[in-house]
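A quick write-up on the structure given underneath.
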Amino acid sequence: VRATHPDCSIVLYFQEQEAECLEIIRSESQTAASPGRPGQQGCLTEWDGVSCWSAVPFGQSQAVACPDILHIFKKSKVLIQRNCTESGWSFPSPPYYNACELEAIGSSNDTEAKASYFVTMKVLYTCGYSTSLAALFLAISIFSCFRKLHCTRNSIHIHFFTSFILRGAAVFIKDAILFSDDSVDHCTMSTVNCKAAIAFFQYSVLANFYWLLVEGMYLQTLLLLTFTSEKRYIWWYIFIGWGVPLLTVCVWVVTRLQYDNHGCWDDYTSLYWWVIKAPILLAIFVNFLIFLNVTRMLAQKIRSPDISKNYKQQYMRLTKSTLLLIPLFGVHYVVFALFPEDIGVDVRLYFELVLGSYQGFLVALLYCFLNGEVQAEIRRSWSKWQLSMESNVFNLVTQDFTA
């Protein structure tokens, strides 16, 4: 059974079995209502909440096995039997609770440990995304306030920061809609709000990866086309960063509505999940090739005797930044994409939620706070402000003296 959470497997199993049984009942009722067809003397098909009992004539019996749910019920050879009498179906014999034995489950201590683990994870990634959002908003403010920092490179950085902001906001929105009410059955929840929250979350993740791709494309363009105008490509970058994810999510939403419209669309084991996963893997693969090429070009420029020492130091700093950013370009995503979703859940959650929540902070740190150009502009503005304050104080003192 494919489900969002293992605890939902039993619920989804019985939902599917009930739907199939009700379809058989509906078909039999239409056949019995056909003109010229006599009704059957016996017990009609019935769903008792656990099993589907097919129609049989009076005096006959039917036997079924325990529900075949992996890791829920033990494999039992005992069959459950019901007789068709004139008063209807008899009670199951032996009862389900005697014939179908549950698998041994963890103790209450294990359950409490798991609950504590997930609470800790939520606290960690909440702190991570909050820190990242604060750093990203501050970085965007710095790039926007200083005129000398207004350029194509920093404009791309701002879009990149915005994609991280959307990703953090999407996580908080998803948690607020899906997990704010403990009384809601998350196994059967299927509302417009929760589907919209998941669709927005997938868009923010896609936009995040594609703006990472744009950063790589821009760096390669900067090294290859030294004398070209950077503004010529800005609208292509915007289309790739925001437009391609929007088109992908639209295709995914239409596909889910048409072929797999159940639950909250957060079942990552569905085959339609590849509509989202494939473009992300493509962006990561292209980005990896771009950064290999960028590293090669930087190495050539560093070894070139025609380049001065100052330029070599700039290229070295750029190379270091590039190598630091490679882990951010979805290396763990590629590794986890090759394994089923139920393998390494704890490690996957730690990388995607805890470490992933601090990616925005690390990006703001590398592109803004540790940027020499930004630091120089902040120092220059601070010096101007200090001089202005000193001048104002001097004028006030002079005025008082002359008065």
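Heads up, the Cβ atoms here are built off N, Cα and C, so glycines get one too.
Per TrEMBL, these features apply:
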- 20-104: domain 'G-protein coupled receptors family 2 profile 1' (DOMAIN)
- 121-371: domain 'G-protein coupled receptors family 2 profile 2' (DOMAIN)
- 123-146: transmembrane segment (TRANSMEM)
- 158-179: transmembrane segment (TRANSMEM)
- 209-227: transmembrane segment (TRANSMEM)
- 234-254: transmembrane segment (TRANSMEM)
- 274-294: transmembrane segment (TRANSMEM)
- 315-338: transmembrane segment (TRANSMEM)
- 350-370: transmembrane segment (TRANSMEM)
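Residues 152-153, 156-157, 159-160, 163, 233, 237, 240-242, 244-245, 280, 283-284, 286-287, 290-291, 293-294, 297-298, 301, 318, 322, 325, 328-330 of the same chain, all 6+ positions outside the transmembrane segment (209-227), place their C-beta atoms under 8 angstroms from a C-beta of that stretch. In summary, the transmembrane segment (158-179) does not lie against the transmembrane segment (274-294): fewer than three C-beta pairs, each 6 or more positions apart in sequence, are under 8 Å. Proximity of distant same-chain residues to the transmembrane segment (123-146), defined by a Cβ-Cβ separation under 8 Å and at least 6 residues beyond the stretch ends, is recorded for 154, 157-158, 161-162, 164-165, 168-169, 171-172, 353-361, 363-365, 367-369, 374, 377-378, 381. Per-residue pLDDT, averaged across the domain 'G-protein coupled receptors family 2 profile 2' (121-371), gives 80.
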